[in-house]
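Quick look at what TrEMBL lists:
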DOMAIN    1-114  domain 'MARVEL'
TRANSMEM  20-41  transmembrane segment
TRANSMEM  61-79  transmembrane segment
TRANSMEM  85-107  transmembrane segment
Amino acid sequence: QISLLIGFISVNNSPWTDYSAYSFFQIVTMCDLVMILFFYIMHIFRVYRKLTCVSWPLAEFLHYLIGTILLLIGSIVAAAKSYNITGLVAGATFGFLATILCVISMWSSYKVSCITQSTSKYY
């Protein structure tokens, strides 16, 4: 979450040459930040126990999958259009770092929720 925030601030405070590329990057980073905050609040207040009609592990997995794909696309476009401006290069770099961290988080979420449930024994 911190790498997304640093990437957003780096791009926001740099002079832009291509508005569509960096607007997309900013929108993707902000949407990821909001969704991560939403899932943290859901876990902190244990709302998932009250809303049993939603498959929360699946929702979290889909959030990370879609967010990671969009973040990867945004980071590639931002890196391609950076024109060696340091703030834009830093934003794209932190975007790639956030993409890697989202993949790790997606894998750990899948591993904990799906693999653990399938290997547990019922007595």
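Every residue gets a Cβ built from N, Cα and C, even glycine.
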Report, as numbers and ranges, which residues of the same chain sit near the transmembrane segment (61-79): CB under 8 Å and 6 or more residues beyond its ends.
4, 11, 21-22, 24-25, 28-29, 31-32, 35, 39, 88-89, 91-93, 95-96, 98-99, 102-103, 105-106, 109-110, 113
With DSSP as the yardstick, break the domain 'MARVEL' (1-114) down into helix, strand and coil residue counts.
94 helix, 0 strand, 20 coil
